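Annotated features in TrEMBL:
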DOMAIN    30-90  domain 'P-type ATPase N-terminal'
TRANSMEM  50-72  transmembrane segment
TRANSMEM  84-103  transmembrane segment
TRANSMEM  278-302  transmembrane segment
TRANSMEM  308-331  transmembrane segment
BINDING   371, 372, 373, 481, 523, 547, 576, 656, 657, 658, 738, 744, 767, 768  ATP binding site
BINDING   371, 373, 764, 768  Mg(2+) binding site
DOMAIN    791-925  domain 'P-type ATPase C-terminal'
TRANSMEM  825-845  transmembrane segment
TRANSMEM  851-873  transmembrane segment
TRANSMEM  919-938  transmembrane segment
């Protein structure tokens, strides 16, 4: 089903530049009001088309000196004075290299074309005045759909009873959490979707931009009495490439094609060139210099007789094997084999190689920078609701809650920890009411929606009607939210129903508590808090509940003397802390707030600032209810993996956004900081003099781990960048807390500049992408925070513990094998060139080729290909030994397998073997010559 969208963008907007994007007004069901046109809504991820494929591939190959050099050599054979043999002597090897490259690019383009074709051919239904029609993605204007969203849309209607839907946005931002989306209230109340074509309404949308987390627009219905105006925000949008959780939704298209948020946020990552490739390229330049010197020496020995300049070119061609054309072919094929081995290693299942050009980088990592790479548990840890310095255990909370809701408590089990709540009746009653209010607040302030599914015994409709516990599944935008709701269920207060305007809670006695949702203020990374205003249907009381980070809530709640202490205690236990508070509102207070809030939401300019100002008018002198803590559990075998990395000579830095106490506790818990190591906590500094004094104090410490906050780090890098990095690099471990994503990338960049060593960044969340892309080698861990880090990384693993085998085994083998392979290919070519030099010297330094045509081709590209290429399967130690003795990895950090020393040794060996081999052939020639003469004389 679809309704026409009027205001569309020019199809040539890509040619006009990004600055030509303008706001638009999109009318529902009135194509006659069309003013502009949409760009074609076709997904195209191909680098080339049919006409640009061959020229594009050839240009990308010959823009590098290595390939351009061999192209010039091959073209020189068309000049008669420079020709040394048949044309295929040079063109066949070059063609072999180009064919491999063209075939590889063609396969990737075909795969990309098929993926795009599959997406562009998906069928959707659309609503028009002619009834239901079918359309493909490339023909979409707006529509009704139940899985993948085909374009950027405004959410108008849904078939779900709760009047909302959840989106999965992992293909857009990499996060696997469900995002709550709300339809336009005016259109959701219409009896049927067909009525959307009967009303006179339009959507005003801001100009296309890259911000996927914010949107400003309005919805206007003109035929209403009075006319209806509703503000539109990110909660009312359905971005392309997202997936609907359940049900069917109706949306009106506002952006397509190149204006899609997903397309505008797509950028090519930084092309990483491995250090090994740079070293090989340096050796290639040295070989080219040697080629020029040998050619000049040969001409000089002829006393520059005749047209000596032509002789120089002929000798350059004659000794061109000094720079082996097969080197690049062998190395590229070796990288493909190494990548295949990594992907098919049964001991690290699920590993993906997205950058097959840098597997050797894994074998030379000196610094590993990692986020906390933990994963969320399924429930809140017991004993994490704190009130007035009294930590209430799970069992005491359950007992107190049951008493408050009119049940007789049987007391905790015999093996349960003792409650630390006061025993006096009066105090118990006070705590009971406070705990009841705290639990109710946790059960209300969230964006969780219970969904009921058929389980084979009970169908979906019956389960939803009777609130069947066995059929209920929670959907939310954060696993933290689900954990808190599941915790309130475990203590007796269960979330059983929710729609766009109401929420139902069930007490242990089976009583249903009904609440009307008046306003919701969703969580944002800027505000670091969320709130909700609800009305209790039984009493009519209006209450504003809020929860958020302690640093924000400390200035919102009423003064108390225990909040900071309890937050510190819970943070030291490694818990992520949220502060929960409430504020009671009268009807007049709420009506005044609502009027100001609606007016601010209708603003087109500075809407976010105006809305925030209105909300902040409520966020004052709130009553503190409790603290909640969620434990961030480390993945399996993190400790032994860090121990392996430490023994391999790799220094590990942890960059996290957690509080200082939480980050320090996590570092000790993971054994990033060993028991016998001192920890220097860098005091907060704000000025240059404070940073200078603290750096001097840190300089006097030896062999201690450093813990520093992001704010202090920014001050140090601003005034004492070199001094700080010099001291930090000497530490066995560094922990940076409250670290922003840009700071993570900055630290990686500074490490590369100051040390000149290879860095590896490991992360599992969207805030780690910048760090991963900046590092020499990026590894993404597929955790519960999403797949964005995994998709942006060069290598993707499913668990942090796989990192040990990835580096110790595959990284080590890839580097050692590539080093041996490259030097052996150079050795082979130098042997041929040495034999050619001896041959020319015997014939008075003449520029005569030693071998012709197929002999050179067969020797250098076929006959000696497989024996040399077998080095990619070489193994000096078993993988178990490499994991057991990570000290073997430490030897690679100095680059000894491929250095100027080893290169010079191989050059001397090549010259020696080439000379001896050629002289031995001459001895055989003489021997067989005399044998032939003797045979003739005797006969």
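Our numbering is plain: 1 for the first residue shown, then up by one each step along the chain.
Every residue gets a Cβ built from N, Cα and C, even glycine.
Distance noted between the C-alpha atoms of residue 576 (ATP binding site) and residue 764 (Mg(2+) binding site) is 17 Å. Looking at which of 50-72, 84-103, 278-302 has the most CB pairs under 8 Å to the transmembrane segment (308-331), the answer is the stretch 278-302. Here the domain 'P-type ATPase C-terminal' (791-925) has a mean pLDDT of 81 out of 100. A simple way to gauge crowding: the CB of residue 768 (Mg(2+) binding site) has 30 other CB atoms within 10 angstroms, across all the protein chains here. In this structure the C-alpha atoms belonging to residue 738 (ATP binding site) and residue 768 (Mg(2+) binding site) are separated by 13 Å. For residue 764 (Mg(2+) binding site), the number of other Cβ atoms no farther than 10 Å from its own Cβ, over all displayed protein chains, is 28. Cβ crowding, taken as the number of other Cβ atoms within 10 Å, peaks at 371 among the binding-site residues 371, 523, 576, 657, 738. Of all the binding-site residues given, namely 371, 523, 657, those whose Cα is no farther than the 10 Å limit from the Cα of residue 764 (Mg(2+) binding site) are 371. Counting only the Cα atoms, the space from residue 657 (ATP binding site) to residue 768 (Mg(2+) binding site) is about 10 angstrom. The Cβ of residue 767 (ATP binding site) has 21 other Cβ atoms within 10 Å, all protein chains considered. Note on the domain 'P-type ATPase N-terminal' (30-90): DSSP counts are 31 helix, 0 strand, 30 coil. For residue 768 (Mg(2+) binding site) paired with residue 371 (ATP binding site), the C-alpha to C-alpha distance reads 7 Å.
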